[in-house]
Amino acid sequence: MALVVQKYGGSSLESAERIRNVAERIVATKKAGNDVVVVCSAMGDTTDELLDLAAAVNPVPPAREMDMLLTAGERISNALVAMAIESLGAEAQSFTGSQAGVLTTERHGNARIVDVTPGRVREALDEGKICIVAGFQGVNKETRDVTTLGRGGSDTTAVALAAALGADVCEIYSDVDGVYTADPRIVPNAQKLERLSFEEMLELAAVGSKILVLRSVEYARAFNVPMRVRSSYSNDPGTLIAGSMEDIPMEEAVLTGVATDKSEAKVTVLGIPDKPGEAAKVFRALADAEINIDMVLQNVSSVEDGTTDITFTCPRSDGPRAMELLKKMQQQGDWTNVLYDDQVGKVSLVGAGMKSHPGVTAEFMEALRDVNVNVELISTSEIRISVLIREDDLDKSAKALHEKFQLGGDEEATVYAGTGR
């Protein structure tokens with residue numbers, strides 16, 4: 001008997017009809033001889049609606065109370081899924097994140113999982129019940145306050161539970177039936193991938209693929225939890241994410257796909273003294289403010305005045321905070337000016353095959369040249385090339401790269417209604 005953890009996204013649970021459909025799939029998995037644990041996201045746009053409601057009563061709501069509010073969304077879908085399963089004649093028991101033993105750090109709004117002690121879930125499984133766990137939430141061990149895990153936290157909840165329970169697989173259900181060589185909404189002939197290594201999926205998640213959140217893939221890799229991305233609208237087996245890139249024979253390594261990201265902003269700090277410790281001053285201030293940095297470029301030092309410029313990208317949502325912080329430091333005479341640009345985007349090519357295919361970077365740049373796209377920043381890893389370009393050029397760049405590296409197929413991809421969550 002296998003233990004299967006299934007996670008259902010908000011689009012899969014947005015109505016009573018879809019909840020009943022999900023319940024039928026869950027019960028079928030149980031009847032096939034499996035133990036089943038289900039992690040639920042909030043229904044449809046519930047989380048966004050709760051955020052709007054909070055803003056209407058308090059423009060700056062307390063973080064603790066915001067977590068108390070937002071976790072209600074998952075508890076609602078949790079209970080409804082359990083009810084639907086019971087209506088089909090199977091036994092189900094729902095749990096909040098706290099009841100399921102999801103222990104987190106104290107940071108409200110973006111807590112990290114530190115441990116999972118799913119004793120009550122294990123007991124219910126032993127009694128033959130289907131266990132339904134509210135995603136996106138946990139509890140701080142010291143304060144006992146409810147916490148939330150940030151956007152995409154239900155994916156992380158599912159993988160963490162799968163690891164703690166020793167599950168055979170963690171299935172992530174949404175409105176897409178797998179991981180594609182590109183977003184089918186941008187590149188119609190994108191092809192579904194049957195299998196990816198953890199490293200390839202980590203790179204795709206890090207550079208903009210919305211199918212899985214980065215933290216969930218990091219967790220799966222750390223605890224070697226196989227993941228399968230599937231659609232709740234079909235019976236297609238989807239994409240399996242498992243194993244290491246090192247296990248892929250060199251001759252079989254391929255270029256995996258193209259991803260785009262519209263969530264970053266570019267910041268340039270001008271006139272920084274070109275001497276030891278000055279760049280560290282910039283990035284220490286940003287780190288202390290918990291602002292993540294992605295791409296970085298430092299210009300050649302100016303001979304005339306001994307200064308340099310540093311350009312970096314950060315989440316667009318953190319851009320105003322970064323600018324406020326750096327402008328304050330500018331007033332202290334640390335540098336001459338700070339520039340901000342939020343009309344940028346990142347396009348990336350990922351694949352284990354880069355290690356064995358000379359000339360990938362040249363072909364990448366030629367593809368962008370052919371569609372008249374200018375590159376502003378470049379970042380690479382062993383299996384990834386990313387460039388920063390104008391946001392308006394993202395779609396045509398993705399299409400050009402996808403065609404250049406022959407990643408497409410003869411048929412158009414099937415796109416179900418929804419957003420990929």
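Cβ atoms are placed via backbone N, Cα and C, with glycine included.
Note that the structure is predicted; figures quoted are calculated from it, not measured.
For reference, Swiss-Prot has these:
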type	residues	note
SITE	Lys7	site 'Contribution to the catalysis'
BINDING	Lys7, Tyr8, Gly9, Gly10, Ser41, Ser174, Asp175, Tyr180, Thr181, Ala182, Asp183, Pro184, Arg185, Lys210	ATP binding site
BINDING	25-30, 45-49, Glu74, 125-126, 151-154, 274-279, 292-294, Gln298, 360-361, 374-375, 381-382	substrate binding site
SITE	Glu74	site 'Contribution to the catalysis'
DOMAIN	267-343	domain 'ACT 1'
DOMAIN	349-421	domain 'ACT 2'
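Residues Lys7, Tyr8, Gly9, Gly10, Ser41, Ser174, Asp175, Tyr180, Thr181, Ala182, Asp183, Pro184, Arg185, Lys210 are the ones the record ties to ATP, and the longest Cα gap between any two of them is 26 Å. When the Cα of Asn374 (substrate binding site) is compared against those of the recorded positions Lys7, Gly9, Ser41, Glu74, Asp175, the shortest separation belongs to Asp175. Across the structure, Arg25 (substrate binding site) and Lys7 (site 'Contribution to the catalysis') are spaced 12 Å apart at their Cα atoms. Between the alpha carbons (Cα) of Glu49 (substrate binding site) and Asp175 (ATP binding site) lies a span of roughly 20 Å. The two recorded residues Asp183 (ATP binding site) and Gly152 (substrate binding site) have their Cα atoms spaced 18 Å from each other. On the 0 to 100 pLDDT scale, the domain 'ACT 2' (349-421) averages 87 in this prediction. Highest local Cβ density among the binding-site residues Gly9, Gly152 belongs to Gly9, counted as other Cβ atoms within 10 Å over all protein chains shown. Per DSSP, the secondary structure of the domain 'ACT 2' (349-421) breaks down as 30 helix, 14 strand, 29 coil.
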